[in-house]
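Per Swiss-Prot, the feature N-formylmethionine maps to 1; the stated evidence is experimental evidence. The domain 'Rubredoxin-like' annotation in Swiss-Prot covers 1-52 and is backed by sequence analysis. Taken from Swiss-Prot, the feature Fe cation binding site covers 6, 9, 39, 42.
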């Protein structure tokens, strides 16, 4: 699975880890994140992420 990086703050979304603090389970692909999901560090939208 691909890792996506926030272009604003550098946070890496790793699908293997998910984002448990936001209720995103491990194994959730970036494409499957809810549209309203935001970077847990800086609050940037999904549009601010690029595939690593």
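Even glycines carry a Cβ here, placed using N, Cα and C.
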All-chain count of other Cβ atoms within 10 Å of the residue listed as 'N-formylmethionine': 11
Residues flanking the Fe cation site, with Cβ no more than 8 Å from the Cβ centroid of 6, 9, 39, 42 and excluding those residues themselves: 8, 10, 11, 40, 41, 43, 44, 48
Between the residue listed as 'N-formylmethionine' and residue 9 (Fe cation binding site): CA-CA distance (Å): 21
Fewest other C-beta atoms within 10 angstroms, as judged across 6, 39, 42, which are the binding-site residues: 42
DSSP residue counts for the domain 'Rubredoxin-like' (1-52), split into helix, strand and coil: 9 helix, 12 strand, 31 coil
Alpha-carbon distance [residue 42 (Fe cation binding site); residue 1 (N-formylmethionine)] in Å: 23
